[in-house]
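Annotated features, as they stand in TrEMBL:
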type	residues	note
TRANSMEM	B:6-27	transmembrane segment
TRANSMEM	B:34-55	transmembrane segment
TRANSMEM	B:61-86	transmembrane segment
TRANSMEM	B:93-112	transmembrane segment
TRANSMEM	B:141-158	transmembrane segment
TRANSMEM	B:189-207	transmembrane segment
TRANSMEM	B:213-232	transmembrane segment
TRANSMEM	B:239-256	transmembrane segment
TRANSMEM	B:262-283	transmembrane segment
Amino acid sequence: MQVHQRMLDPTLNGQHTGESPLLRTLGLTKRYGDFLANDSIDIDIWPNEIHALLGENGAGKSTLVKAIYGLIQPSAGEIRWQGERIMLSGPSEARRRGIGMVFQHFSLFDNLTVAENVALGLDGRESFKDMSARLEQVSKTYGLPLDPRREVWQLSVGERQRIEIVRALMQDPKFLILDEPTAVLTPQEADQLFIVLERLKAEGRAILYISHKLEEVKRLCDTATILRGGRKVETCNPRLETAASLARMMVGGEIREVKAASGRKTTVPRLIVDDLSLAPGEAHGVRLEHISFELKGGEILGIAGVAGNGQDELFAALSGERLAKDPGTIVIEGIAAGHLSITQRRKLGAAFVPEERLGHGTAPRMKLSENALLTGHAASGMVHRGFIDTVATLKTVDRATETFDVRKAKRDPEAASLSGGNLQKFIVGREILRNPAVLVVSQPTWGVDAGAAAVIRQALLDLATAGAAVLVTSQDLDELAEIADRIAVMFHGRLSAPLATSEATREKLGLLMGGSSLEPKEAAHAVGA
Amino acid sequence: MELVEAIILAVLAASTPLLIAATGELVTERSGVLNLGVEGMMIVGAACGFAGAWLTGSIFVGALFGIVAGTLMSLIFALMALGLAVNQVATGLALTILGIGLSGLIGAGFVGERLTPAAHLSIPGLTDIPLIGRVLFGEDAFVYFSIALIIGVWWFLYRTRAGLILRACGDNHVSAHALGYPVLRIRTFAVMFGGACAGLAGAYLPLAYTPFFIPGMTAGRGWIALALVVFSSWRPGRLVVGAYLFGAVTILQLHAQGWGVGIPSQFMSALPYLATVIVLVLLSRARTGGSTAPAALGTVFVPDR
């Protein structure tokens, strides 16, 4: 049906100069048991075009591109490449035909050099020396500087993505797939990427661009295909749509708006971090250096920054997973807590929600009630004389379910059986129900669908309104702008002075995320360098 | 002078099985697989190697038997740990227990029999040079082969594309799979190579080291080979240092005990382990950063298709 609509639509067809699409899928279906990850998807990719693939997590975007790249075999339907039906035996065949891909989770090897990583993505017909020379040439041509001899673990996230892109470009692809390429970039790095993409488009290549940043898609893409629940919902021109209308198509309904209660008052300082420095605990960790901030009750402090700049280490130090040398560097509710264990900190009224839901926030194979016990055993009356009060643990599950709309198949399922969004609602709910004085939460809505994200953000706002101090670490600047009162930026283990959210423009935050200072003199220097 | 020569010869003979077995395990672990069954594969290699040589009268055929036996043992491991994605530690331990039992069964009929051990090289003129002649030109084929093997493995890992792909599988199997490399097939070959080496190392013992078979004659050498791989931080060069150092201290402490040094013999027996650990830890400290172990070592990989 969708194909027909498209054929009849003159505005869409008129744009294309080529006679037939470069790549076309017809009724592409991928089934995992009873679950339809892709349900009969038709999509046309034309040369000279940046085509957006939009959808929430679990909508089937990754499955679709994996099938196009030959990583998985479709259960039904066909893929046509330049008009010819193809069955890809694997990614190497896709690459041979001119399909390249840049993965969301980088497919890089940390302990190998840049050149070795690039060599692994090619078919190995040229010598390593020739390949290295060509690598330098390609990276120069597209303005993507790389040092071929460095090992990947030494590089920043932006540099790692450059390797992926250069690796894909070295195969001279006709069609390039990018899976959420800007999710880990600073706004400035993203702008640089867009310049490269525009250039690739001008060279006559086709690009499939997966994202859920709608403003970005409107700015960059010529066509957008929206998936929902494994089905194609619509193919449209994103420039003629609004971000709200695109979001509606992705979600299939209106998204609840997050509202901060007016008249939120800040009270006493509840979490004080004073000159906290901590050596990294593992080989590739980040050293925390002289981190100081003060967080009052009723306030939400956001910590922005590109992943891997010490956010994980800061969380570990605040939660007590790693202890600070000097107890006075972390003060919770007026009590020096740097030397206290997680349990002791919980007893002081602190609660923690780590980034990783499965394995860190919950034990995946344990039931929700048992997971409630894991953080609630010390301070929530779930244990009496060493015995578990199962009624109390189940009650916590029920309350979290009710208050935060956790959707699950039965009353007390295993944590791993919940979807990402529902599990996150449970974890945040579990901590909020303990009425914490201080909540430290890392990436609260990472990989969570828009509906659940709204519930979680609202819960954090409500908690602050109730008088708690909330510290939110997030890579999503829009999220921080929505809920935080002040925003600080983490870079190389240092934390900038917090800016009031009203003053924290994307440009300012982007500069801080890239390691520049906001002092006029130094900022000018950074631009010149 | 003759004593020094004899000691060097004894050191080389004691180190060779460790070096061969550890080289195989190094390749296996570099592909991301932890096979703790080295001891089991070695002992089966010893029993089958002796049986092959005794039945055919050929040391060469015996060595082949050892290689084939070790490879077959490693295929059991590959089937379980790679094909069925069973926990690698448990599978490896089970393989060792199986190997010890199996070798007793295979070797039962051969206990007490004697073989003519593997011939040593003899080049008139060269072999007769005092001190270094027999060390350089008078060894058995296993010793020369073990040195060629570790050089070959170094060259393979760092100078060939296939070696790069193998290291890539050990570093990040998800990425290797995403780039289209057949991770499980590559790992199966690496495990088989490890098994072949362990089998050969085991066969060396009754074919060249002591010309008879007794149950349990590997006496923990498989475990030492495993430890050497770890302490060498998965690098072929350091592996050579570690294997020869261990052999050297083993022989020296035996001589020291013979000379009647006033140190408890238990402490002397522990010395090789201690010395090897200390030296290899010191070597590892030289590395500036990055992880030393293959990042995917011992983790189960199931491709989604």
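The backbone N, Cα and C atoms fix where each Cβ goes, glycine too.
Source: prediction; values computed, not measured.
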Residues from the same chain, set at least six apart from the ends of the transmembrane segment (B:93-112), whose C-beta lies under 8 A from its own: 35-44, 46-48, 50-51, 54, 73, 76-77, 212-216, 222
Beyond the flanks of the transmembrane segment (B:262-283) by at least 6 residues, Cβ under 8 Å: 224, 227-228, 231-233, 238, 241-242, 245-246, 249-250, 253, 256
Beyond the flanks of the transmembrane segment (B:239-256) by at least 6 residues, Cβ under 8 Å: 7, 10-16, 18-19, 22-23, 26, 150, 224, 228-229, 231-232, 263, 268-269, 271-273, 275-276, 279-280, 283
Selection from B:6-27, B:34-55, B:189-207, the stretch that has most Cβ pairs under 8 A to the transmembrane segment (B:61-86): B:189-207
Stretch contact, the transmembrane segment (B:34-55) with the transmembrane segment (B:6-27), Cβ-Cβ under 8 Å, 3+ pairs: yes
Beyond the flanks of the transmembrane segment (B:189-207) by 6 or more, those residues with Cβ under 8 Å of it: 16-18, 20-21, 23-25, 27-28, 30-31, 33, 35, 37-38, 41-50, 53, 59, 62-63, 65-75, 77-78, 81-82, 115, 117-118, 142, 149, 166, 213, 217-218, 221-222, 225
